[in-house]
């Protein structure tokens, strides 16, 4: 068994153990294995390609720090985690924009509509609980909506498997973050906690699959 397959199995194992920790409320599993999810995905990417895109590796590193920061309670850790994922999404946007040819403003506006509608509905739902976090959450929401928009534009222009995986990854990431926001600021639920992590792992893996198709 080569190192790529071993690393993939390790990624699956640590992801499942983290989710088990959430389902059965075993904090030690979450604290130990959640940081290893992106850590293993970085190595999986490195082992999958002879030539890697540095911006994607850096985006994964920001995701790793975001995961670690969000393990801790408190507004400061939440904001720092938000910033880490904000930077990761900005890099995801850069990666997609760099491979999208010139597009018309009309296309951009139309592609942004579904993501801005979701963003608007979410903010309207949770705004009363955000208080001083309102602006940071709005900024983050606009950035991840932009990620969804550029991924959608890329798919509309290329109709490729690579762009489809990136689009689905972006959409699932938005679902994960929206669920996290609802769970934290509107209606706490153990089911939502599980859903957040399942969709997060799936989103990161779909983006990874898109990235390894870029260079092949």
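Using the three backbone atoms N, Cα and C, a Cβ is placed for every residue, glycine included.
Going by TrEMBL, these are the annotated features:
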TRANSMEM  31-48  transmembrane segment
TRANSMEM  55-72  transmembrane segment
TRANSMEM  78-97  transmembrane segment
TRANSMEM  109-127  transmembrane segment
TRANSMEM  133-156  transmembrane segment
TRANSMEM  163-182  transmembrane segment
TRANSMEM  194-214  transmembrane segment
Do any residues of this chain, six or more beyond the ends of the transmembrane segment (78-97), have a C-beta under 8 angstroms from a C-beta of it, and if so which?
53, 55-56, 58-60, 62-63, 65-67, 69-70, 133, 136-137, 139-140, 143-144, 146-147, 150-151, 154, 166, 170, 173, 177, 207, 211
For the transmembrane segment (109-127), distant same-chain residues with Cβ under 8 A (at least six beyond the ends)
134, 137-138, 141-142, 145-146, 148-149, 152-153, 156, 174, 178, 181-182, 185-186
